[in-house]
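Asks: Quick one: the structure is below, and I'll ask about it shortly.
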Amino acid sequence: MAKRDYYEVLGVAKNASDDEIKKAYRKLAMKYHPDRNPDSKDAEEHFKEAKEAYEMLSDSQKRAAYDQYGHAGVDPNMGAAGAQGFGGFADAFGDIFGDIFGQAAGGGRGRGGPQVYRGADLRYSMEITLEQAAHGYDTQIRVPSWASCGICHGSGAKPGTKPETCPTCHGQGTVRMSQGFFSIQQTCPKCHGTGTYIPEPCVHCHGSGKVKETKTLEVKIPAGIDDGMRIRSAGNGEPGINGGPSGDLYVEIHIKPHPVFERDGDDLHCQMPIPFTTAALGGEIEVPTLAGRASFTVAEGTQSGKTFRLRGKGIKGLRSSIAGDLYVHVQVETPVKLTDQQRDLLKQFEKSLAEGGPRHSPQSKSWFDRVKSFFE
């Protein structure tokens, strides 16, 4: 089933302000929130749809991409409501619902159990060469991660003590509160959804039960990846809370500038100087490519700025079975630091051109004719 237009989902115009988008989303989220519609699959789908639309339209960069390209212009891994369920909701929308739903919006809830939270996603920026992007690249990266505290063995409590049942929620992790005409379930303010509290925290991890560590991960960069694309490593983000799933790691790729080529999608461009004699007489020219050397024929009388297209000498994109093209933009080079003999030869050559009339320099004749008519 095709996705609905995000503006249609929220019921706002395409030129709606950020405040209008926020108000429209809040109205829909309150109407379809699972706490108000616990047994309604339809309400759950409406809630997810509104959540996804708001996440895209409340971010200026995502909104610009969506306005230009529609659903194809936004990353399906970013903000996809189905991927995370309701996990991460508090992080993205706590400013809207913090006063109404509290932290309970941040995760799922077991029946009668403490709140379960999905771990936060992590970002890692990585630079690679154009050659690595074109051919693919396997590497290792070291990223900060969390591990169970070795002093308290993950309990968060000082050795010799243990966590105790929270007296406020009686181990449930949530408390029920009434606000206006409806009752809502809210994360326990004392234990923050864990169902327990720690009278004497571990001094090593400060009661969190986990400590920072560095983790080494294998990353496979696919051939054809482009600058700014992200690689998702599922489950390698921060760990969840109370048994919640771990977040994901997103490796963002940045391609270093290349000394020869400029990339444009799957195509490559390069500027190539050629001797003026080759431009005048024509000949075979060798040009570098990412797969080795290639050659092409320069026609007699080639002018500076002429572009030659070498089909299939570009980059094979991620979703393409055919490589792009290489565009060679030739620049006719004027010789410098001439010897006296070379100067004399060029003067003789110039004289022979003048004797032959304008047929040797049609562009110059055309230009001077235009200038002459301009002053008449």
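The backbone N, Cα and C atoms fix where each Cβ goes, glycine too.
From Swiss-Prot, for reference:
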- 5-70: domain 'J' (DOMAIN)
- 136-214: zinc finger (ZN_FING)
- 149-156: repeat 'CXXCXGXG motif' (REPEAT)
- Cys149, Cys152, Cys202, Cys205: Zn(2+) 1 binding site (BINDING)
- 166-173: repeat 'CXXCXGXG motif' (REPEAT)
- Cys166, Cys169, Cys188, Cys191: Zn(2+) 2 binding site (BINDING)
- 188-195: repeat 'CXXCXGXG motif' (REPEAT)
- 202-209: repeat 'CXXCXGXG motif' (REPEAT)
Asks: Work through the binding-site residues one by one (Cys166, Cys169, Cys188, Cys191) and name whichever has its CA nearest to the CA of Cys205 (Zn(2+) 1 binding site).
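Replies: Out of the listed candidates, the nearest Cα belongs to Cys191.
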Asks: Which bits of the chain, at least 6 residues beyond where the repeat 'CXXCXGXG motif' (202-209) starts or stops, bring a Cβ under 8 A of a Cβ in it?
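Replies: Residues 148-152, 154-159 contact the repeat 'CXXCXGXG motif' (202-209) from elsewhere in the chain.
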Asks: Mean pLDDT, the repeat 'CXXCXGXG motif' (166-173)?
Replies: 86
Asks: Through the lens of DSSP with three states only, how would you label Cys202 (Zn(2+) 1 binding site)?
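Replies: In the DSSP reduction, Cys202 (Zn(2+) 1 binding site) maps to coil.
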Asks: Go ahead and report the DSSP secondary structure tallies for the domain 'J' (5-70): helix first, then strand, then coil.
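Replies: Counting residues by DSSP class gives 48 helix, 0 strand, 18 coil.
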Asks: Around Cys188 (Zn(2+) 2 binding site), how many other C-beta atoms are within 10 angstroms of its C-beta?
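Replies: I get 24 for this one.
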Asks: Can you list, in sequence order, the residues of the same chain other than Cys149, Cys152, Cys202, Cys205 whose CB lies within 8 Å of the CB centroid of the Zn(2+) 1 site?
Replies: Gly150, Ile151, His153, Gly154, Ser155, Gly156, Ala157, Pro201, Val203, His204, His206, Gly207, Ser208, Gly209, Lys210, Val211
Asks: For Cys191 (Zn(2+) 2 binding site), what is the tally of other C-beta atoms lying within 10 angstroms of its C-beta?
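Replies: Excluding its own Cβ, Cys191 (Zn(2+) 2 binding site) sees 25 Cβ atoms within 10 Å.
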Asks: If you count other C-beta atoms within 10 angstroms, which of the binding-site residues Cys149, Cys152, Cys202, Cys205 is the most crowded?
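Replies: Neighbour-count leader: Cys152.
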Asks: What are the non-local neighbours of Cys169 (Zn(2+) 2 binding site), defined as same-chain residues 6+ apart in sequence with CB under 8 A from its CB?
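Replies: In sequence order, the residues whose Cβ lies under 8 Å from that of Cys169 (Zn(2+) 2 binding site) (at least 6 apart) are Val175, Cys188, Lys190, Cys191, Gly195.
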Asks: Give me the CA-CA distance between Cys202 (Zn(2+) 1 binding site) and Cys166 (Zn(2+) 2 binding site), in Å, as a whole number.
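Replies: Answer for this pair: 18 Å between alpha carbons.
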